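Chemist: Per Swiss-Prot, the features are:
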BINDING   9, 13, 75  Mn(2+) 1 binding site
BINDING   15, 75, 97, 149  Mn(2+) 2 binding site
């Protein structure tokens, strides 16, 4: 059987990397020849989780077709979020928890998606269905992914399935998920030593919304006022990125993981800003607005933006 690469989206988070690792282990147990890789360097939170459970970060690839003919995707399906030459390889498997958009294939494939808080929750279910024992380290990295995506089960994306998976995986991994989870999340909130250009690209995704190219980035912090001291520099970096990459709108969501509130910074045309204000029923003031309780890009940001841009 020919080798396949497994990877998550660009600017990978803990779910993108952790689920790729877990899926590769599962598929290899089932007879496939796979390798988990990444479409970018691991962030500080992910590095903390990898180190905790004894993993080295997957190698980073820029293209896939120079290595393999087929790939498996986790935690994404939209082509603009995937490897740059996704159109040159065959996608044989997808495991995801996001909307399906601009995705089509020439051949049938395995596609597993569910509206849960994290792709690793689906992966946990797949291990159980296949009756494959989950090793301690794999359980730990899957647990880390769910904690990351659900903000320690506080995100509105959290489901009973996520909660059940966390309890089960924490037991296998041998950790107190609340204590470990808070340490892991805090490890990802150190922004002092990073440039604005790096921060707006660490956890960012592009979306095609009715012909508009919309970029949504998110950073997690424990001190929101301190982060907002860099507002002008953030806006400058966002504006430069928009001009360089052709974004019609760039939104940066700065989320306080301790109280689950966010502040949004927005750059773009007057038309796109008007659509943003319509989406959130909120008025921008000097390119900034408070978004209380908004922590999930997938559930609380992309759907209202989609509706506003398609209206």
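Placed from the backbone N, Cα and C atoms, the Cβ positions cover glycine too.
Tell me about the setting of these features in this model.
Modeler: Classification of residue 13 (Mn(2+) 1 binding site) by DSSP places it in coil, neither helical nor stranded.
According to DSSP, residue 149 (Mn(2+) 2 binding site) sits within a helical segment.
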Chemist: Which of the binding-site residues 9, 13, 75 has its Cα nearest to the Cα of residue 149 (Mn(2+) 2 binding site)?
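Modeler: Comparing Cα positions, the candidate nearest residue 149 (Mn(2+) 2 binding site) turns out to be 13.
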Chemist: Can you count the other CB atoms that lie within 10 A of the CB of residue 75 (Mn(2+) 1 binding site)?
Modeler: 30
Chemist: Report the residues of the chain - excluding 9, 13, 75 - with C-beta within 8 Å of the mean position of the site's C-beta atoms, for the recorded Mn(2+) 1 site, in sequence order.
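Modeler: Near the Mn(2+) 1 site, beyond 9, 13, 75, sit 8, 11, 12, 15, 16, 17, 74, 76, 81, 119.
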Chemist: Inside 8 A of the center formed by the CB atoms of 15, 75, 97, 149, which other residues of the chain have their CB, for the recorded Mn(2+) 2 site?
Modeler: 8, 13, 16, 19, 74, 96, 98, 117, 118, 119, 120, 145
Chemist: Using a 10 Å radius around its CB, how many other CB atoms surround residue 9 (Mn(2+) 1 binding site)?
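Modeler: Counting Cβ neighbours of residue 9 (Mn(2+) 1 binding site) within 10 Å gives 26.
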